[in-house]
Structures are given as structure tokens and as C-alpha cells.
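Here TrEMBL flags 225-254, 255-281, 355-384, 394-424, 440-468, 473-505 as domain '4Fe-4S ferredoxin-type'. Marked as region 'Disordered' by TrEMBL: 328-348. Per TrEMBL, the feature transmembrane segment maps to 12-33, 45-67, 110-134, 171-197.
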Amino acid sequence: MKQTSLLKRLRVILAILFFVPIILYFVDFANLLPDSLHGLLHLQIVPAILAGILWIIIAQLLLVLVFGRLYCSVICPAGVLQDIINRIYCIGKKKKNGKRRFSYKKPMNWFRYGLLAITTLLAVVGSIELLLLLDPYSNFGRVAANLFRPLVIWGNNLIADVLMKFDNYTLYHVTIETITIPSLIAGTVVLLLFIGLVAWRGRLFCNTLCPVGSLLGLISRYSLLNINFDKNACIQCGKCEKSCKAEAIDMASMHVDNSRCVNCFNCISSCSKDALHYSINPLFKNKEINKDTVKTANVSSSRRSFLSTGITVASTVPLAAALAEQVNGPKRHRERAHGEENEANWSPVTPPGSISLERFKDTCTGCHLCVVQCPTHILKPAGLEYGFDYLLKPHLSYNSSYCNYECTVCSDVCPNHAIKPLTVEQKITTQVGIAHFIKHRCIVEIDGTDCGACSEHCPTQAVKMVPYKGDLRIPQVEPEICIGCGGCESICPARPARAIIIKANEVHLLAEKPKEEEIKEVVVDEFGF
């Protein structure tokens, strides 16, 4: 098989092998897929860097140094999603007057490397918000979790309705419980951005906004293998340039900008004269070309690249520092507000394994994988209610659910290790918050009637019923053994405000183990009685 067809087919097959399991893992509402699939997400570059998984970082850098930016066309789900969008967009529009729609554009190096520098510097000083907005994997996760997953559930419910008319109950109705208005808006904006940029200029997101693309672009200039012209065979028909979705082929000079090339191999496939080859980088083939020419060109090119990149990075340092100060300023203000005994100002309850609120804010990029994998759907993406520095990050919402006593799913699947892996033994003593009882809201106090729902649903019996007035009994919290699971708050019948609520520990603590006979299996029924 010729290289022209083999490379593209191999790239497509590999992309499918990575992309299909990842998207199915996000939309799997019935938990049919094995938990081990989350391992594919640890291969994503930003999560690997934030998690400090050194061997994955080294492996990805070696992959780029050898093969170029193959990561962007095969491993990155956001990149593959853009290729799918491009494929759909080009149906019926692929050719016009026998020509494809792309053309060479000069790289915006000052913009993409400047944005990379700002994003990196902000992340280093502890402000991850810009990375959250630009990370390709996290953006894909928000699209998959908040758009594709609800769409799949809606399709399931529609088919279930049809089957039920024929007394077939193979499928069942599923409630969409994992999305919030902010997360829905975020997913929609990202998908529309992908569609708009792809329709306009192909992989523009990857070569301007994406920090991973910019980082890999710096390295791929010097990859061992890249796409090169055979100038003797080329007839300058321009097919390769017009098929390059990275807009990286300059037909006039017969040059491929390998810092932007995402190794889709469309150009090689489109060339009828076999004038493009995926071969050894000319930088490493000095014997076959004029050494003086290469030396001069390399020195000149490297000097220009070094100077432009250095100036860009240096000029962004003051801007990054200013942005970090702006982001961190409101955060300190909110921390003071959290000390007030006003529920509206309380901190968010972060997932068990996140260790502390500040650590979680500095490492979570809001991919929402934990949100869709949580079996009790207690994790919800935040809006701006906890400040901009917590935007789109998950928190425990006890409105209709609770955190399973022995469940460690969120800590198992988190690719960033923003939620550190926990054993069951560690989980059952991790205190993410403490239940606070507000007596004047309790129906025992208001209506003079028995309840006890909170105590019945506390797995550690941190909420006990103690004698009150006459034969009545009222809740009392033992904070030492409370883990903040929210079994009590989720079932409390008091309205409009619940009588028992979880107040977050901004730094997670270690709860005492309850006595063995006190541990109960929490089964929340509809009424709580």
C-alpha cells in the first residue's frame, strides 16, 4: 500500500480507537463501560502535567520529538472532534471549482506564544482559570458531559417511550441530573466556538488558542519525522495547500510549517504526484543537502524564533502578574466572607480526595468527568456563586442527593488528580464538612411533631435523636464522627430552608471512626420517613 493512503488510514483508525471509548465513557449514563477506561484520559497532556505523572509527560514529549504533533490528530479528543466537525461541514462543500477550501496563512506566533506564556505563568502562581478555559481536553469534557450526554439520554427516553407502547420495557427513562445552567452554557459556547473556527479556518483553535498546541508547536519544529516536499516531483498544483486544515503549507515556497502541522496527512493523501513525504527532518539529513545553507538557515531561523518567543514571553510577565493579582484579590475577599455565619457566604463543599479548597481550585480544570461518573449525581458544576476562581468546578450539592459512604468513583477517575485517589478506608474517615443543625427550622420545633429523617439516613450516626419536649426527640450532631456526606441534609423535609446543612471544611479533616454497631447503610426513600 502506498504511503499516501496508508498514513491517513492509520491516523484515522488510531483516532477512532482513542476517541470512541472516551466519548462513550462520558455519555455512558447506565454505567455499562469498565471503570478502567478512565486510563485513556490520563494520557491527556494538561491532566498529566497537573497530576505530575512524569512518565506520561516524558512519553508525550518523546512522541512529539519523533513523530511531530500526532497527539493533536489522534490522542486529543478535542482535536478529533474538530476533525469530525470539519468532515461534516465539508459534505457537499468540499470542493469548489475543483479546489478545496483551505489556504496558507502566516502564523500568529506572537499571539499563540504570548497566550501560552500568560496561561503558564498564571497557572504557576496558582490561578488556573485561563487554563480551565483553554485546555482542549477540559473543553471537550464540558461539551461531552453537558451536551452529548443529555442528547443521548433524551434519545434513550424517546426510544423507551416508543417501546413502552408495545409493552417492551427493555429501556427505561433516565433523568438528566448532572448539568447546571452555567455548565450548559459553557458546553454550548465551546461547541459553537469549535464549529465557527473549523468552518472559518480549520484547526485555528489548535494553532492560536490551545496552550497544548502552542507547546507542542515549539517542540515539533525539531521532530525527527515531518512532512517534506520533493521539489523535483512537485508541479505546484496547490492541492496539498488547499487540503491542509492547519493552513501550514506554503505552496509558493514549497514549505511546511511543522510547528502548526497536526500530522493529519491529508496533504500527502491529496498529492497525485507523490511529491510529499513523511520522512526524516532535513535538519537531521546534512549529508543530503548543503551544510552551509542549512547552517545559515537554521541559525537565522532559530535566532528569529528565539528572539520573537523570548520577547513575547518577557512582555507577558507583567500582564500575567497583574491578572493573577486581579484573580487572587477577590479570592482573599471571599475567604474573609466565609467566616461569617451566613450560609450564602459559605465555601463550596469539595469532593473527598480534593484535600483542600485552595488546592482543588488550583488543580481542577472542570472537565466534568467526575460529575457524569458520580453514581448519586451529587456533584454539580458551579457557576459564579463561589467566585470566578471556582467557575465550572464541581461541588457537592445536597439538594436531592448525598455522597455514598464507601464510594470512591470521583477520586478514581479524576485525570488531573485534583481529586486524589482514595481507598475505601480513607474515604469513610475523610471529613469534607460538618453537619450544622439549625433548631428554629426543624419541624420538631416548629410543628411539635416527630421526624428523625436526618438521623435515620446518617451512615455514621453522627446525627442522633435526643430527648426534647415531652415525648419528642430532636437531632443532635456529633461533629467528631460526621464526614459531611449530606445524607441528613438531602432528606431533611424542612422548607423553604433545611434544618440541617453541611458546612464545608476548607481543609479536609480526619473524622473519628464510628463504632461498628452505629454504621448504617443509607437508603434514601422518597419521603425520608
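One-based numbering along the chain as shown.
Cβ atoms here come from the backbone N, Cα and C positions, even for glycine.
Bear in mind that TrEMBL entries carry predicted annotations, made automatically and left uncurated.
Source: prediction; values computed, not measured.
Taking DSSP states H, G and I as helix and E and B as strand, the domain '4Fe-4S ferredoxin-type' (394-424) has 6 helix, 3 strand, 22 coil. In the predicted model, residues of the domain '4Fe-4S ferredoxin-type' (225-254) average a pLDDT of 93.
Long-range contacts of the domain '4Fe-4S ferredoxin-type' (473-505) within the same chain: residues 343, 346-350, 352, 357, 378, 396, 398-405, 428-439, 441-446, 450-467, 511-514, 518, 522, 524, 527-528, each at least 6 residues beyond the stretch ends and with a Cβ under 8 Å from a Cβ of the stretch. For the domain '4Fe-4S ferredoxin-type' (473-505), DSSP puts the residue distribution at 5 helix, 11 strand, 17 coil.
Summarised by DSSP class, the composition of the domain '4Fe-4S ferredoxin-type' (355-384) is 12 helix, 4 strand, 14 coil.
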